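What follows is a single structure, written as structure tokens, with notes after it.
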Amino acid sequence: MAKVQFTKRQETSQFFVHCSATKANMDVGVREIRQWHKEQGWLDVGYHFIIRRDGTVEAGRDQDAVGSHVKGYNSTSVGVCLVGGIDAKGNPEANFTPQQMSALNGVLHELRGTYPKAVIMAHHDVAPKACPSFDLQRWVKTGELVTSDRG
């Protein structure tokens with residue numbers, strides 16, 4: 001089967017952090033998320049990176065391709081998804097592991113090296129959603145992981 005060819009992103013202004021909205025006991029990766037996205041009618045996984053519970057970073061869409069993760073921002077952003085983000089009742093929960101947060105820090109650091117003018121944003125900064133279920137700006141500034149249900 002031929003690989004889907006996506007439009008190349010011409011500009012990178014933002015890095016968006018997302019969560020998979022899965023429970024802490026669900027260790028899913030790019031394969032499962034790709035399947036979920038295809039079931040929604042997408043051609044492929046919408047994120048550029050997925051960070052599993054153990055901190056493993058998996059590649060999704062090609063880093064220079066237009067993603068499908070934030071309506072209105074896909075052509076200017078890179079999407080990073082942390083696996084987890086909800087509790088047993090489906091409510092937002094910052095249940096991410098230290099390994100995930102360390103990996104997120106590393107991914108964002110590398111992206112900043114490639115795209116130094118881009119800003120780090122949470123999905124809930126531009127959409128009425130809880131995603132990524134934590135206060136990203138607080139974490140960036142202090143390293144403190146605090147649940148947020150913004151949206």
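Cβ from N, Cα, C; glycine included.
According to Swiss-Prot:
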BINDING   H18, H123, C131  Zn(2+) binding site
SITE      Y47  site 'Essential for amidase activity and zinc hydrate coordination'
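All features noted in Swiss-Prot, drawn onto the structure.
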| residue | record | DSSP (3 states) |
| --- | --- | --- |
| H18 | Zn(2+) binding site | strand |
| Y47 | site 'Essential for amidase activity and zinc hydrate coordination' | coil |
| H123 | Zn(2+) binding site | helix |
| C131 | Zn(2+) binding site | coil |
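H123 (Zn(2+) binding site) sits 12 Å from Y47 (site 'Essential for amidase activity and zinc hydrate coordination'), taking the Cα positions as reference.
Between the CA atoms of C131 (Zn(2+) binding site) and Y47 (site 'Essential for amidase activity and zinc hydrate coordination') there is a gap of 14 Å. The Zn(2+) site, placed at the center of the C-beta atoms of H18, H123, C131, has further neighbours from the same chain whose C-beta lies within 8 angstroms: F16, V17, C19, H69, V70, C81, A122, H124, A127, K129, P132. Put simply, H18 (Zn(2+) binding site) is 9 Å from Y47 (site 'Essential for amidase activity and zinc hydrate coordination') when counted between their Cα atoms.
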